[in-house]
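Undergrad: Got a structure for you, written out below as structure tokens; questions coming shortly.
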């Protein structure tokens, strides 16, 4: 199992986080296809829908499950099951009407299989990724195993019976007086085994010393087998959780297991490339099959258990006769095979690390006399036999070159680069297609086709510095954008740059706040509360443009600002640059004060979610207009005349301004100060008047801190041309202070800017 940090799963994280994060998942297609590898599929198992047709259920690395309506050579997505926040690693059908899934988010979930995707329960007992499930065909017994060296045996019927009573006994806040909690998102946290009286607890199969990768159970639920990194097969009685035996023979991790219906025979597949057949009665390996050239990851068998279909890392699917040892290479996939499932006795479905599902003929229709000998061989009992056959050039030829039908997926994102403006992201998918996304509204704004990713990234480079207000990953095959407070409120933009109609040149918008408004717009429109006037967050800049001339001393700190945060009068208003699609809405992953992480489409939020489900800081931001205090929102700098200039020194103090302040504003500031220092005309005040009076102050020399624009103006043709320089480089007027500091100044010390006047053309 590839260990990667889990999206939304912080249960075992060592990174401290004061506030819960919110994540939104973006896709460039509708929700009827998987966009990442398919870890598991389960066949119809006799389960019929309302229309009496057959169905296939798939579990994907994109974090979702899907139900496929099978008909002829076509399959239609009947429903998407969305609640897990990380890879879904396995899925089984148990009983008459229950679908069970497990995930790297450490949970098990139960679903109504023929609903529109309704999750009925969430169970949290595992301490690490849950990798495998096993179910008895005609009962509600399910076993789960994972990387935490744990195997639990669940009686789903017993687990769900106490739920109604627990809700009646629950406190007003939704918690239960004991070790078992039931929250508003149907979370069931099982009590430890020693606290059985407090609620349902699964039965642990104790004794695993290492991670568990594979489980299997017979039809009656009397035998359970497990395998993993111990390189051994353990046998359990699932009714008591007691150990029966430990079978050794593999030389590497056990990755696949299969029991015959009676529970007498067991097949195991390993990373050592071998398939072993065990007789549990004799407690020994009775046959070894050298069929594959790499790890064996998947099994499926005929009802009689006379033949086995196997697949694995070598991307090959073989059909092996367990008695005669004859193997046939049925097909060769383009990607490693993760799971196999039979549809009747005629068709075989294969799931791979690709997002598509392939349907192959399950067995050759011809007689043994017409068997293509090039596709078959007799499996040896030692792994080097297959390796030597490949070296000798006698590798088998696939019996079938093309699948009978395909359930197509979409290409998953495998590479990304956040562009410097922090609003656009460049991505590359498994098909090699490069696209540019606008992250603040979850839309693709340009499709470049198959181009060199690194060259396109260089071509889109801009000299602009914007704080990192979000992080992201593509672990699910799509873009997961993570927002943490207060970092997500660290970036601002001028409204005019976002083409906001009627916006003033000075209006600044917080990118994180506006993105959250767009993301939770559906939730907000359904929220019935009194309007609350937004308050200015602590640390926001004050209005006006001041230089602090009223304070003396070289250490004085003055403020240069050009705007005031203007709150929206309508809290439900979403600007066009932050409007997310309602046809392909983003999925939200987050958690509140109770329960664990959950995932849901943004358009499925109904406004009833509160602090129990959503982070309180998100609600404060969207509902009340309050945002957390931000750090480094300002940039400190000194402004001095350029060497050789004879114009009046404006200030000896340190100036402070928003990071996004443009050089044009600094130029205007210099012009205004030059105007104040300019000798007045005869019809104005005395040119020899004290400087304090010239600057709008009083005769005592104590001037006002706030400059009032418009008090004077330059006579026609006398307005000088001002240039702002840094490191002797003339700065363009549209460059921000943050960009100057990052790309021109390039020092950790306070920024130094110089101004000079040049002859006008």
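Keep in mind that glycine also has a Cβ here, set from the backbone N, Cα and C atoms.
Pulled the feature table from TrEMBL, pasting it below:
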- 566-592: compositional bias 'Polar residues' (COMPBIAS)
- 532-599: region 'Disordered' (REGION)
- 682-715: region 'Disordered' (REGION)
- 123-157: repeat 'WD' (REPEAT)
- 205-246: repeat 'WD' (REPEAT)
- 247-288: repeat 'WD' (REPEAT)
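Each of these features: where is it, how hidden is it, and who are its neighbours?
TA: The list of residues near the repeat 'WD' (123-157) in space but at least 6 beyond its ends in sequence, with Cβ under 8 angstroms from a Cβ of it, reads 1, 3, 6, 11-12, 45, 86, 89-95, 98, 100-104, 106-110, 187-190, 201-205, 208-221, 224, 226, 228, 236, 238, 241, 596.
Residues belonging to the repeat 'WD' (205-246) score a mean pLDDT of 93 in the model.
Listed by sequence, the residues of this chain that lie at least six past the ends of the repeat 'WD' (247-288) yet keep a Cβ under 8 A from its Cβ atoms are 213-220, 222-223, 225-235, 294-301, 303, 305, 308, 310, 312, 320, 322, 325, 379, 381-383, 386.
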Undergrad: Run through the repeat 'WD' (123-157) and tell me, per DSSP, how many residues are helix, strand and coil.
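TA: So the counts come to 2 helix, 19 strand, 14 coil.
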Undergrad: Over the span of the repeat 'WD' (205-246), count residues by DSSP class, listing helix, strand and coil in order.
TA: 0 helix, 22 strand, 20 coil
